[in-house]
Each structure stands twice: as C-alpha cells, then as structure tokens.
Amino acid sequence: MTTRTKGRGHTAATTQNDRMPGPELSGWISEQLMTGRIPVSDIFCDIENNPGLCYASQMQQTKPNPKTRNSQTQTDPICNHSFEEVVQTLASLATVVQQQTIASESLEQRITSLENGLKPVYDMAKTISSLNRVCAEMVAKYDLLVMTTGRATATAAATEAYWAEHGQPPPGPSLYEESAIRGKIESRDETVPQSVREAFNNLNSTTSLTEENFGKPDISAKDLRNIMYDHLPGFGTAFHQLVQVICKLGKDSNSLDIIHAEFQASLAEGDSPQCALIQITKRVPIFQDAAPPVIHIRSRGDIPRACQKSLRPVPPSPKIDRGWVCVFQLQDGKTLGLKI
C-alpha cells in the first residue's frame with residue numbers, strides 16, 4: 001500500500017490495481033480509441049495535475065474493475081442483488097417444506113392406522129390356515145370312511161322309519177341297527193333283502209371269528225399278521241411292512257397277545273387300521289425308543305412299489321415310535337428309511 005498526493009491537495013489511498021488498470025479496461029480503451037469515440041488527447045493528458053480532464057481517469061473512477069474491491073466501498077457488483085427478493089424466496093421455500101412435512105406426517109399417520117386395521121387380517125390368516133389344514137384332514141378321513149363303509153345317506157332311525165313306512169329298506173347304503181336286523185331275520189321277515197341277509201351273516205361270522213381269536217390264549221405271529229392284513233387296504237404298503245415289523249418284534253418279546261389286544265381295542269374305539277398300528281408302536285412298551293430293523297436288499301427294485309414314495313434318508317437315530325418302520329440297506333452300503 002502506497003500513498004500519493006493528487007492535485008488540489010487531496011490524499012487518497014490506492015492499490016497497485018488503481019495505478020495499473022486490468023486488461024478489461026485496457027481493452028475497452030483500445031476499442032474506443034480505434035473507433036474514434038475517445039480523442040487521443042483525452043488519453044495523453046496530465047493525469048497527475050489534471051485528473052478531471054482525463055476521460056480514462058473518469059472511466060476508471062466510475063467503472064472500476066469488477067475483480068477489485070475499493071477500500072472505501074465494500075459492495076461487490078456481482079452480489080449487488082436485492083436481498084428482499086432472496087428473503088422472500090427463502091420464505092416461500094420454507095413454506096413449501098413445511099407443507100411437505102405436514103403432508104408426510106399425515107401420510108405416516110394414515111399408514112400407521114392402516115397397519116393397525118390390518119392386524120386382525122393377519123391374525124385371521126393364521127386361523128384360516130389352521131381351518132384349511134383341519135378341513136383337508138377331515139375330508140380325507142371322510143373319503144376313507146366312504147371307501148371302507150360305503151356312503152351312508154341316512155341314520156339308523158331314519159332307515160327304520162323308511163322301512164316301516166314303505167315296507168322295504170331305502171335304496172343305496174344305509175345305517176342299520178344290528179339288533180333290529182337280527183330281529184327281522186329271526187322273525188323271517190320277507191321284506192329283508194337278500195343282500196342285507198348276506199351282509200349280516202358275513203358280519204356275524206367275522207364277529208365270532210374275532211372273538212375266537214381274541215380269546216385265544218396264545219396267538220401266533222402268522223395269525224396276527226393275517227388278521228392285521230385283512231383290515232388293511234392295498235398290498236405291499238408301508239403299513240403292511242409295519243405289520244411284519246410289529247409281529248417280528250412281538251414274537252421275539254412274547255408280546256403278541258398284548259399287541260393283538262391293543263389292536264382290537266383301537267378298532268373298537270373307532271380308529272382306522274392304520275391308526276391302530278401307529279397306536280401300537282406308541283403304547284406297547286417294546287416299541288418305545290426301539291430302533292427299526294435293518295433289511296438287506298440287493299437293489300431299490302426289491303422294495304415294494306407302494307413303499308417307494310415313503311422312502312427317506314435315514315436320520316442319525318431313527319425310532320419306530322417316531323414313524324420309522326425299517327431301514328433298507330443296499331449292497332453298496334447305501335441306506336433308505338421307510339417312514340410313515
């Protein structure tokens with residue numbers, strides 16, 4: 001910073017840029033000189049003694065370099081804007097942001113209320129899933145009942161009422177009271193169809209055979225196997241294999257009578273033959289925590305076709321009461337478990 005004395009005794013503080021104008025001002029002066037708008041005499045004048053006569057000096061004072069800032073004025077021409085407009089713009093922006101915030105809070109509240117409203121639907125989904133599973137099981141049991149007993153279209157009381165009114169039993173499968181049919185047959189009622197007589201005789205003979213076997217003190221494994229086979233549908237199923245395992249272990253432990261009694265008791269309670277076999281593995285002590293027997297076979301083709309879909313990888317410690325019937329071991333050492 002240097003200090004120089006101007007004409008008329010005024011002293012002003014100037015910077016290096018004041019004495020050496022920038023290229024912008026020099027270019028502008030050159031353009032004005034070449035076009036003749038500024039006389040040459042105005043340029044080559046006594047700047048020190050007559051600064052007021054110099055056009056360039058006036059232009060330097062009235063049009064300063066935008067890149068420089070005078071020490072007396074702190075206003076930058078680039079920032080020479082209306083601050084009121086900036087304030088108004090910021091205020092409007094703040095208003096918009098506030099409105100968006102309010103809208104977001106309202107949307108969040110609506111989403112929360114919607115979630116609260118959907119909670120009963122979530123709970124209902126569990127109930128529907130449970131009902132679906134139970135209904136599927138019930139339909140499967142009903143189909144099994146229809147296949148094994150025929151579709152009953154009326155109760156025993158309704159059958160008796162129809163028979164008494166029309167003088168003949170209703171068409172199709174129906175439920176009959178054993179004592180009522182016995183009385184009709186013994187009284188030689190001519191309205192009893194031949195098919196009903198044959199069915200009653202077969203039922204009567206089966207009952208007597210069951211009572212005979214049930215009262216037999218020592219039942220053989222072969223007889224017990226045949227009795228269980230007679231109750232099972234199909235052939236070579238996993239339950240047929242389970243019958244063989246039950247009879248084999250029962251014979252080794254002298255528990256055939258207990259197994260037979262348990263089987264008949266389950267049937268008397270209304271259980272299916274398959275369910276009765278499973279109950280034996282869970283109720284008779286010799287099957288609790290018992291490992292399934294290992295059966296050596298040459299190839300997978302030796303396993304009955306009805307058992308193929310029930311084969312599973314063998315777990316570390318299979319148990320009969322957990323549904324593992326037996327373990328098939330192939331010649332190459334690979335094992336397959338039969339699971340029900």
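Here the Cβ of each residue, glycine as well, is placed from N, Cα and C on the backbone.
Just so it is clear, the model here is predicted, and its values are computed rather than measured.
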33-48, 273-288 - the range that Swiss-Prot marks as region 'Disordered': 33-48
Can you check which of Ser104, Ser113, Ser205, Ser220 Swiss-Prot annotates as phosphoserine? Ser205
From the list Thr15, Thr191, Thr207, pick out the residue that Swiss-Prot labels phosphothreonine. Thr207
Thr11, Thr75, Thr112, Thr210 - residue that Swiss-Prot labels as phosphothreonine: Thr210
Swiss-Prot feature coiled coil, matched against 96-116, 222-242, 306-326, maps to 96-116
Neighbour tally for Ser317 (phosphoserine), based on other Cβ positions within 10 Å of its Cβ: 9
Cβ neighbour count within 10 Å of Ser187 (phosphoserine): 9
DSSP says Ser187 (phosphoserine), in three-state terms, is coil
Cα distance, Ser317 (phosphoserine) to Lys309 (ubiquitin cross-link), nearest Å? 21
Could you say whether, by DSSP, Lys309 (ubiquitin cross-link) belongs to a helix, a strand or a coil region? helix
Please list residues from the chain of Ser310 (phosphoserine) whose Cβ is under 8 angstroms from its Cβ, counting only those at least six apart in sequence. Ala238, Leu338, Lys339, Ile340
Local Cβ density at Lys309 (ubiquitin cross-link) - other Cβ atoms counted within 10 Å: 7
